[in-house]
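For Gly75, Asp76, Gln77, Leu78, Arg97, the entry in Swiss-Prot reads substrate binding site. Under the heading divalent metal cation binding site, Swiss-Prot lists Asp98, citing similarity to another entry as support.
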Amino acid sequence: MKDITPDICDQHEDKVTLLNLPLQNFGQKAAFFGEIVTVRCYHDNSKVRDVLSENGKGKVLVVDGHGSCQKALLGDQLAILAIENDWEGVIVFGAVRDVAQMSQMELGIKALGTSPFKTEKRGAGEVNVTLTMHNQMVQPKDYIYADWNGILISKELLQF
């Protein structure tokens, strides 16, 4: 594993902002980056499944679950789907489950916490909308870089 965010900060400090959320690592791939795709949902991961069913080459899904850890928005089945569709990673402002299995998967996964409970499946949620989490904006088509050191956002793809 390679640390990427310190190098990015050293080379591009004026082009990045820190996404200052207390997220934990759950996937085997600890360092990952890509173009941001967003989902906003609450206790319903239908849109997460829809998005992860698409080609995710070079992309990271950022899910705003409103910070709730009552129901998991990502589990092992959706993580497998993400891997099958070439996603770089999934960042969840909410809960995940099946963490023992996901810790063995070659996917970047960060989340606020865990819950053993599954979500509702009502088709609710919004895709590719601007998210605001802890007063910080996350916009689709921006770029996100994540590792053990933190999470950075940039308007452009950075070389490092």
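These residue numbers are counts, starting from 1, taken along the chain as shown.
Just so you know, glycine gets a Cβ as well, placed from its N, Cα and C.
Quantities reported herein were computed from a predicted structural model and do not represent experimental measurements.
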With the fewest other Cβ atoms within 10 Å, the residue among the binding-site residues Asp76, Asp98 is Asp76
Rounded Cα distance in angstrom between Asp76 (substrate binding site) and Asp98 (divalent metal cation binding site) is 6
Simplified to three states, DSSP reports Gln77 (substrate binding site) as helix
Students should find that the Cα atoms of Gln77 (substrate binding site) and Asp98 (divalent metal cation binding site) sit apart, in Å rounded to an integer, by 9
Gly75 (substrate binding site) sits from Asp98 (divalent metal cation binding site) (Cα to Cα, rounded, in Å) at a distance of 5
Not counting Gly75, Asp76, Gln77, Leu78, Arg97, residues with a CB within 8 A of the CB centroid of the substrate site are Ala72, Leu74, Ala79, Ile80, Val96, Asp98, Gln101, Met102
Given the binding-site residues Gly75, Gln77, Leu78, Arg97, the candidate whose Cβ has the fewest other Cβ atoms within 10 Å is Gln77
Per DSSP (helix/strand/coil reduction), Asp98 (divalent metal cation binding site) sits in coil
Of all C-alpha pairs drawn from the substrate-binding set Gly75, Asp76, Gln77, Leu78, Arg97, the farthest apart lie at a distance in Å of 10
